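Participant: According to Swiss-Prot:
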BINDING   28, 29, 30, 31, 32, 33, 34, 35  ATP binding site
DOMAIN    15-193  domain 'Helicase ATP-binding'
DOMAIN    366-536  domain 'Helicase C-terminal'
DOMAIN    571-673  domain 'Dicer dsRNA-binding fold'
DOMAIN    875-929  domain 'PAZ'
DOMAIN    1433-1628  domain 'RNase III 2'
DOMAIN    1697-1719  domain 'DRBM'
REGION    1-540  region 'Helicase domain'
REGION    230-347  region 'Helicase insertion domain'
REGION    497-509  region 'Sufficient for interaction with loqs isoform PD (loqs-PD)'
REGION    713-855  region 'Platform domain'
REGION    1268-1362  region 'RNase III insertion domain a'
REGION    1520-1609  region 'RNase III insertion domain b'
MOTIF     139-142  motif 'DEAH box'
């Protein structure tokens, strides 16, 4: 906003001068510019505003009493200064801000404006010290008495360092609170002592008059009216009806209503629904008595609207009923009133009752006088000259008088176009619920209209007095009696123009009293003036001893060693805030239970000294760490006793570590930080800490690792005179021989093979599968090597040259920058050809090596040359490799047959039968060939050799007979270039790169196998020791991998056509139950035209439809009412209710089968022992079931899916993942048994987080052995014994910064000569310097800033691996161990990876012997006490299929947090934490063992379909376990029964209808507080979304509305998980636990395995019309929000999903969207 220049008036400057020197309370009457004084003071004290606090910077506080005032003052400061202003009120959720957020705010802003409590907390929690403030301005400071935060704030001054205190400036227009108009002087003295300064105003009378000119002095008028005597019969009748209703209301039972907390937690909202109803009726009676029947007929409509909305919002049926009864009564009353009004008119038309005559006749004298005054004052005036305020006492009166005036003005011609009324009420609702958001919006527009002059008569409830700035008014009417001095001063202060009138209405009888009162008020005003006149600016400041005495209190504040202060009066709020951090579902409200002790109890505990005093006890909620009862000290009154108890409880919580050093409940982050050194200290060396918030950019930054070659391949280059080992490589075809495959079949099986020659011995390696175009082959590396000694350096040189020739000339895997590496470093071994020598022994084929130091270059020849050469001989061509030089390519071909019977002049076969071979060749290539010399010689038949070099996956190319025949080519030998290289060796070479690469990773896998076996002490087992024979590598057939003809992988997506997800509507019963499940609708943000009518302002014309609309709007149900009428049953029956389900669980008709089975019967008796044991569990129990962990399994575990092999880590990772969660759960539950479930879950999620696993695996030094890159030999593979020039390679070691700018183009420019590449291994100096220059030039060219690493890394042994892959590897390795060695051994591996640290006396192998300890289980309880809670528990045990030995576990598993009576065990949360992990692990193990054909993605879907909350809830209900839950919450039981009815209609099956019901997690679980996790760029967007959420009626805070949208209560699934944990803890036998689970889940295990339910995101994406778009996630503290925009009925709709991580939030958004679509598709 542009700066508004306001000129200071003389007296303002003098006040500021005084304030510069000392504290003061500025007293200036309303309208004389206090705010401006404050702004001048801020400017005087701003010298250190722009320094940071650390270097002596200062800040200013501006404290206000209410949110509206604070908002107004913040705007004023921003308008008139250039300071950075921050605005803070409780509603923004500042209570939950972290220290980091506060320090950012304090760093950023210089003047902090806000409400008092916020600043009080800010200083007590040491976010800012008093010494860092230069000035504190306190607006409306006369409130600072008693325990008001203003006074509490000033109390802090007494315990702070006295030399560094800020200046205190109070501002007020009245010096006295309310009506305390006696002994003004003492009151004022106290005020001065509180604020440590004098009241100051302007010094002499002349100035005082001056202020009075500026300030307000209206003419005061008093209008009296006769007291009304007669009471109409109708009034009596109505009063009697209401009395009667009260009696029946008291008898109604509406169940236990959950207690709702306000934002500040100071007071309870909604404590009694009944008293709310009574209050409305009492209000109505008051209106009728005070303003007459006509007014009453308007007031009753307000009630009807209110009750109708409440009825629709009612959470339980009984509450609905209560509001319905009230509604009926209102209708009746309205009828009586309207009838009475119609007595005066002659017809029954409603409209005729709104005449001036009727209004005057049926109003009380007071209203009559008021209307007369209006008429007299304003008749036929110019509306622009009128600015009138009418003050009334009650909120409802505003609406009522507003309605009355509208009709009166309409029916009075003189006023019709003159007055335009509006009304405004104070805000009483603390909850920022939907209605108050609308309300505030409407209020704002009301004030705006008044300011703009569109409305010129404003009716306000007296709350408007303080500070809400409505411009100068010339008429103020006070309709109701003035109650307090301040009200008088301030409402009078509203009349600000010089000829203003201030009109009071009073009854004749009260006239004297009122005059008396007004006189007293004026006298008080004068007293104040006297007090000030006597001591204007010469007064002495209050002495220190006066201040000390003034703040003396019953309880001393507690200061801890960090200097933070715990004020007794803050203790209650802290306690409540602490309870809010205790985890609970939407229905368990956790609050401390206060109890006033009876005398006998009190005397027993405190003895005689406590006689006549009050003692209060506090019990914390069931799941809090503090289990003991806390007693207050005996106090004089209940209030201080309560404070004392809360104060003591806070001190205990502080000592237990539940409050942090600032006395604020510990956040999850702080709790994690407190154990970071125990579990996460290894993060530090990677520059990370577990509490650090992750910046998105850093989080995704993947690390680069130095690859490590297997030990056996390092420094293994053969040397002269030393023993070397040659390991022969055998290829065995696994396909049938036929015309097409024959050449391959025969050539692979010749005795000539290759071997790898090296100085180290190799372990036994598993046989590996490869896939050629002809089919599958097996590759075996010989177990026993050939031992050889190289005699001389000539032989060694020959071996080197042949090795280089193989890769350079035949395989062509050679970049111009490669050199032969003779240093014997990584992968230093040679490839040698073997031949069958004398005595059938294999030996080196020296002859071949001698002949082929280099492969001859193919070249053509002209006719003369061919005439001079000898004629070709058949024996030279048999089995050799040739190439057609005259065709345009240099393709090697294998000669498969020599046709002696054919000549070039023979006729061709097949389609060219009319030509000879000679004619055909000449016609195509004649001009290149010239002619054929030897026309009478033989012909050769050749086959193309594949160019592919990767053979890991099956090539799914389709070969039909025609293309196979085409493979057969007949050529003229004289026109071919013959390499003379043996065809079988050439053919075997093609497979070599794939084999060598696979051996490389197999050796790594073998090393891991040995390493783990040794650690676990299993290397001595016979099958793991020296006799270990690896099993052949297994192909995971579920990974349907496809390749194109070149061997590149084609990703497989079995993409089906998008299909509509509808199926026929099953039965009437579903349709009925669906109608009850109101799945709420959100359309966001609402457009203006969708906003409901402002009911209060259109009371008289509101129709039921609008009420219905308002209700649907307020709960977010805006649906097109006309298009979709829920009640229209036929409409539903004719349609299908859209959601996909197949023929689930056989075709039983739902809901019929079990109609006559009693509720508590088991669904089916379970027989022990018929469940197939899980292999993993057998291995856990005994060693004889252990199987060796195979080399191939370790290989799979280090192979990422990105490597595109026929096996990878994903399947093992599913098992490892669930094992990891299980072990982390058991470990934390036993190590920190007294933590609450929220903290356990948080630490667990950090323990199993990808970041933690990443650091653990790096610590174990495994990442460098992973296979994560698809094998492409020609582009990203360094063959053995080959490297970059050594001097170039050194750059990476010696100058890593420079190495970053080396690009692949620079390497290609290296153009090495043969001398450099094959002999020296270094590049020449000229070349080298040119190369370095070229790299430097990259900085200037368009390569500047490019990242070459991905293209260059393979040459220098570096690899970049995604962090997630590394975490998955760790899980997969654990999976290998669990699968083969069982749980105990796998627990030991956790210590190996340092994921868990064992305690001295608790080795990790004993994790399964978990003791549930902690303070939560009371020992020595007898069974009768337990069974007192467990009614009919044998039915439960029968249905569960398990009988408990110790029923304490059972009791704990059934106790909901809302059940305060059970103090024996605590609630089920701890068990649920354990049960969740046990269930997840056992189900994962089962599907892992039983679904080998299912791909990993489907396995994951299957697992989540089985263990998600909805499925658990269905199973819980199907087994009738919900009857036994111990909870005290009407809302919860109603939602459960709603869900049970729905499930019965579904035949208790988990259908897809059920799967999209909303769970609690889908409805926003925690308040969205702005935590530092938020990416700053997304902040405005997130805020917008959050505020839209708020407007939409999803309150952004607390539990206000959350539970209304839940269809599936989390409690059902939680109880089932808790019962599973209870079974395990009771029997300590996982196999027995599995039997129980299997019997519960059997129908789903079979059904879902048959047809895996696809997850909601895919379901949405595959929907025909939806076209969903998901937003990127917005992180908010512990919550993530994802929005999803999709199309439904041609409209774009946006929904929001919440969850604890990105995937959950996305799933939840998809669910919301599917629910919408399910309606639209109908």
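Just so you know, glycine gets a Cβ as well, placed from its N, Cα and C.
Are these features on the surface or tucked inside, and what touches them?
Facilitator: In this view, residue 35 (ATP binding site) is surrounded by 20 other Cβ atoms within 10 Å of its Cβ, with every protein chain counted.
Summarising model confidence by region, the domain 'Helicase ATP-binding' (15-193) averages a pLDDT of 83.
Residues of the domain 'Dicer dsRNA-binding fold' (571-673) grouped by DSSP class, helix first, strand second and coil last, total 46 helix, 14 strand, 43 coil.
Across the region 'Helicase insertion domain' (230-347), DSSP assigns 85 helix, 4 strand, 29 coil.
Sorting each residue of the region 'Sufficient for interaction with loqs isoform PD (loqs-PD)' (497-509) by its DSSP state yields 0 helix, 7 strand, 6 coil.
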Participant: With every protein chain in view, how many other Cβ atoms are within 10 Å of the Cβ of residue 34 (ATP binding site)?
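Facilitator: The answer is 23 other Cβ atoms.
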Participant: If you draw a 10 Å sphere around the Cβ of residue 28 (ATP binding site), how many other Cβ atoms fall inside it, taking every protein chain shown into account?
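Facilitator: Its Cβ shell of radius 10 Å holds 23 other Cβ atoms.
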Participant: Against which stretches of its own chain does the region 'Sufficient for interaction with loqs isoform PD (loqs-PD)' (497-509) lie, if we need a Cβ under 8 Å and a gap of at least six residues from its ends?
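Facilitator: Here the qualifying positions are 216, 218-227, 366, 369-370, 373, 377, 387, 472-482, 491, 518.
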Participant: I'd like the Cβ neighbour count for residue 33 (ATP binding site), meaning other Cβ atoms within 10 Å of its Cβ, all protein chains included.
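Facilitator: The Cβ of residue 33 (ATP binding site) has 20 Cβ neighbours within 10 Å.
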